[in-house]
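The structure appears right after this line, and notes come after that.
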Amino acid sequence: MISMSCVPKEEEGEDTQIKTELHDHAADNPVRYASLESVYSVSSSSSSLCCKTAAGSHKKVNALKLPMSDSFELQPHRRPEIVHVYCRRKRRRRRRRESFLELAILQNEGVERDDRIVKIESAELDDEKEEENKKKKQKKRRIGNGELMKLGVDSTTLSVSATPPLRGCRIKAVCSGNKQDGSSRSKRNTVKNQEKVVTASATAKKWVRLSYDGVDPKHFIGLQCKVFWPLDAVWYPGSIVGYNVETKHHIVKYGDGDGEELALRREKIKFLISRDDMELLNMKFGTNDVVVDGQDYDELVILAASFEECQDFEPRDIIWAKLTGHAMWPAIIVDESVIVKRKGLNNKISGGRSVLVQFFGTHDFARIQVKQAVSFLKGLLSRSPLKCKQPRFEEAMEEAKMYLKEYKLPGRMDQLQKVADTDCSERINSGEEDSSNSGDDYTKDGEVWLRPTELGDCLHRIGDLQIINLGRIVTDSEFFKDSKHTWPEGYTATRKFISLKDPNASAMYKMEVLRDAESKTRPVFRVTTNSGEQFKGDTPSACWNKIYNRIKKIQIASDNPDVLGEGLHESGTDMFGFSNPEVDKLIQGLLQSRPPSKVSQRKYSSGKYQDHPTGYRPVRVEWKDLDKCNVCHMDEEYENNLFLQCDKCRMMVHTRCYGQLEPHNGILWLCNLCRPVALDIPPRCCLCPVVGGAMKPTTDGRWAHLACAIWIPETCLLDVKKMEPIDGVKKVSKDRWKLLCSICGVSYGACIQCSNNTCRVAYHPLCARAAGLCVELADEDRLFLLSMDDDEADQCIRLLSFCKRHRQTSNYHLETEYMIKPAHNIAEYLPPPNPSGCARTEPYNYLGRRGRKEPEALAGASSKRLFVENQPYIVGGYSRHEFSTYERIYGSKMSQITTPSNILSMAEKYTFMKETYRKRLAFGKSGIHGFGIFAKLPHRAGDMVIEYTGELVRPPIADKREHLIYNSMVGAGTYMFRIDNERVIDATRTGSIAHLINHSCEPNCYSRVISVNGDEHIIIFAKRDVAKWEELTYDYRFFSIDERLACYCGFPRCRGVVNDTEAEERQANIHASRCELKEWTES
C-alpha cells in the first residue's frame, strides 16, 4: 500500500538524502506498517515518503515523488503554502489575516500555522456533521481495512488507528463534506467516461430515418442509404449521388451499379449518419406523421371517421385485429353465416364474445376475441399499428383504403368468402386428409386462424374452368406455341370432369404447362387427378386422349353409356382452355405486360431472382464507344453494311454483324432483347458474365454474345447470314471453363488467352474490349475483300488479342509529341517591330478589322486559350443584382422536354429533333476554341441532338473556297463537312449552329448519315449521356497526310492533332511506289 503525505519542500541535496535513508532503513530493519498519524502528520519525526512491503514478498512498489515544499522559515511578505492531497478544496470563507506579531508569537511557542488552522476548523464542526463524517469514515475504514489486511497489516494496529487523525479531520473540514478521495476520484473518472460515451455516440454513424421538412435537398447528396422494397422485403444499400431540380427527385445509385430517381418522401429509406453530421446539415429524425407507407394519413383518418357510425362491431366493419405473435393488421368483420361450414372457424372460443374477421393483404380468416379488435379510427389516431414493417402491410393498407372509399372488397377476398359458403371449398380440400389438421391452420388460446387453400386462389373463373396461374410467355424457345395458340410456361387451371374411379361422379382435374427437364426447350403438358395420378404429353390432346381412353374402358367394363355425350370428343386444347376467347385474350395481354411491382428487370439480372451457377457475378460495362458496332467494334459505315441502333437500349450494330437482312425502312428498330415478345428477365450469356449487348440464342436453348461466339475458337454460327444460332458451346474445352479472367476476376464463362507465345494471361473477350486491350484482326484490310454471297469454306481471318504487357503499339502514334511542337513554337512567337514606328500615330486600317493576321493570330489565340472557360450564352431579362456564371447556368429552372411516346419511325424522330433543338441547345464561349454549343437540357445516349446543315458542294469547289477565300478570313474559320468523296457540306456562310461544335479526342457526340423519306441528312447523335450545360464535341477525323492541325481539347487521351491518324496510317500502307509494283501475269 502506497501512503502519501504533505511534506515541506526541501533542497535537492536533502531530497537525495531522504531517498538514501529510506532505502537504508528498509534494508536494515524492514517495517511492516506505520501509524497513520506518522504518515499524515507534518510534525512527525519520520517526515518522509515510505514504501512498505510485506515480509517475504517479492513485489516492489516504487514510491511516488511529491513536490517538496520550501522551508518553514517565516518571511515578512509570504505565507507558507498548503499542499492539497487527493481532493480539491472548496473556496473558504475569508478570515482575518494575522499580523506579523501574531505569527512571530506562534512560532516562538512551537505551534505551526497549519495545525492551528486544522484545530480551528475542527472546532467549528457541529455535532450532526461530525456524526455524518464518522459514518463515512467508518465506511472508508471498512473498505481500507480490507486492503491493509491484504498487505499484511495487523488487525490490532487497525483498531489503534480507528480515531481519525488531525490531518484526516482537516481534509474533511476543508472539503466541506465532500466524498472521500477514492470516491471523488472514481466520480471524476465516471464523468470522464460519460463524456467519452457522449462524444463517441455523437460521432458514431447509425441507420436512421430523417425528416425532409426544412432541409436543403442537396444536403442529402453523398449520404449512404438503404431503400426498402416492400414486394421484395429487402433493404438495398446505395448512396445519394445527385438531385434533379426539375423533377425534385434524388438520384440513388445502388451497390450493384444500378441507379434510379426517387422521391425520398414517398419511399422507406434509412441513412447512415451521425449526430454531429445531422447538426451540421440541419437535419432531424424522421417520423411517419405525414405519410404512412405510401398512404396519406390525413385522408385515411377522414375516411375512417366518416365510415365509423356505431360503437359495437358489426359485419362489414373495418377494424384493427391483433393475433398473438403478430402485429396489428387491418381486417374486416365477416358474417358468421359466410363460413359456417368451415372446420375450426365455427368453434366458439373461450373468454367471452368473439368475432370472425378476414385480413386485408393476406386474406386469411381468423376468429378473435372482441378485446383483440380495435376500431380502425382509434388505431389510426394512436398510430401504434402503423409501425409495422412487414412487406404486405402496405398492400393491406391499400386494400383497406379502397374499401373505405368504394365500400368494395378486393375480388379475391369477396371470392374466398363466397367459396367458403359453398361446396367448392369441400371439393378443393377433397385431395387433403383434413383441412383442420393442415399446417396452414393455427389455433391458440382465444383465437383461431385459418389460411385459404392454394387451389382456391383462382385468378379467373370462366364457366367451370378456374385459372389459378396464367404463367409467363416463353421467348427463348419456339416450341411453346403453334400457328394458333401460345402456351405460357407455368399455366395452371382446374376443371370438373368425369371421375376415373366412378363414371357417375365428377372430380377435379389440375392442368399445367411445364418445361421439359431434359431438353429444356420443349413444353410438357401435365394433368393431375384428385387422387394424385398424373398424365403427361407433348401436346394438350396427348394428355386428354389418355384420360378419354381410361374413361372409355371404365364405361365399357361397367356397361354404362357415355354420361357427357360429346364431352369425350373435345380436344385437349379445349379442355386446357386455350381455345376459349377470354383465355386467349388474357394470354395475349401477357405479351405486352411487365412486372407490376417495383422489381425491375435490372434487379432480376443482378442475381437476386435467378438461380445463377457457382461463381457467377454479373459484370456491367459502361461502354464509352457507343458509335461503334457492339459485335465487330468498328465505327465505319458502308452502303452495304449500315448501322442499326436499338431505340430502347441504344445499342449500335452493323446489319451484317447482327444478321438483319430485311431493311427496316425508317421504322425504329429494336434488338432481340428489347422487342415486345422478349423475355421478362433478360437472359445471361453462357460464355461470359457481362450483362447486356448483342446476344443470340444457342442450339441448346441458352443465350450468348455474338462477340464471345466469334472470339472463342470452339463456337461457330450455323447460319452466317442470319448470325444465329450459336453452336459448339458444349464443345468448348474444359480447361477453358476453368480459366479465371484477369480483368473482372469472375470464374464464370470461357476465357481466351494472350496471343503471345510465352504469355498465358486469360480474360473474357468483352472484358478485354472494355479494358482497352488489343483485340483486333490479324489482317483487317482483308475483311473488306470477303464476300457474303460466296459460301466458300476458306473465308476466314485470324483473330489476335494481347494482354496489357504484350499489346502492340503503332510507331505512327509516337509522332504525337512531334505534332504538338509547332503549336508550342507559335505560342512563343513574338510579333516583329512595326516598320512605320510608333503604332499610336498610325491611322486605323480597315482591312485588318477582323484581327491580326497569321502567325500573330495563332500566337494570340494560343495564349488567350489558357484563360478562357466555358460560358454559354443565356438570354435573360434585366436584373439589378449580378449573379455568378455558375448560378445563372446551374441555378436556372428549365423544364425537361420529354420525348413523345407515339414516335414510331425515324422520320418522326427527326421531325421532333428539328422542332426542339432551339430549346435544347445554346451557343457560347468555349474553353477549347472560339465558340461552342452547350446542352441546356440533359440528353440520353443515342438521342438526336442537331442536324449539320449548309451548302452542298463538290470537293473541288470546297477546296478552292477553303484555300482562296476562307484561309484569308481570320476569325471566320472553315466549316467543311465531307459526306463522301463526291459531296461536301459548306456551313461557313449558311446553315445551323451545328458548325460551332468543336473537336475533341474524347467526344460526347458522333455524326451519322441517316435517310429520311429518301433524303440523306447528317445528324449529330449523343455518344453517351450528356449532362446539362455540358459542351458538345465530336471527332472531326480530319484526313490529310501532309497537313497537321493541332488539338486543344485538353482530355487525358488527346492525340495532339485533329487528324485521323489511324485512317492516314492505313492509307499510307495501301499506297506503294511505282518501283515496288510487280507486273501481273496469269498463272
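Glycine too: its Cβ is placed from the backbone N, Cα and C atoms.
Among the candidates C803, C1001, the one that Swiss-Prot lists alongside C1047, C1049, C1054 as binding Zn(2+) is C1001. Of the residues H929, H939, H963, H1017, Swiss-Prot puts just one in the S-adenosyl-L-methionine site with Y975, N998, H999, Y1036: H929. Per Swiss-Prot, the listed range annotated as zinc finger is 626-677 (candidates: 262-313, 626-677). In terms of Cα distance, the binding-site residues that sit within 10 Å of C1049 (Zn(2+) binding site) are H929, chosen from H929, Y975, Y1036. Counted within 10 Å of its Cβ, the other Cβ atoms near C1047 (Zn(2+) binding site) come to 26, all protein chains included.
The binding-site residues examined here are H929, H999; by Cβ neighbour count within 10 Å, the least packed of them is H929. With respect to their backbone Cα atoms, C1001 (Zn(2+) binding site) and Y975 (S-adenosyl-L-methionine binding site) stand 18 Å from each other. Same-chain neighbours of the S-adenosyl-L-methionine site beyond H929, Y975, N998, H999, Y1036, judged by a C-beta within 8 angstroms of the site's C-beta center, are, in sequence order, I928, I997, T1033, V1058. Take the CB of C1054 (Zn(2+) binding site) and look out to 10 A: across all protein chains shown you find 15 other CB atoms. Averaged over the region 'Extended PHD domain (ePHD)' (682-807), the predicted model reaches a pLDDT of 81.
Highlighted in sequence order, H999, S1000, E1002, Y1048, G1050, F1051, R1053, R1055, G1056, V1058 have their Cβ within 8 Å of the centre of the Cβ atoms of C1001, C1047, C1049, C1054, the residues recorded for Zn(2+), and are not part of that set. In the three-state DSSP assignment, the secondary structure recorded for N998 (S-adenosyl-L-methionine binding site) is strand. In the shown protein chains, 20 other C-beta atoms lie within 10 A of the C-beta of Y1036 (S-adenosyl-L-methionine binding site).
A 10 Å cutoff on Cβ-Cβ distances gives Y975 (S-adenosyl-L-methionine binding site) a total of 20 other Cβ atoms nearby, all chains included.
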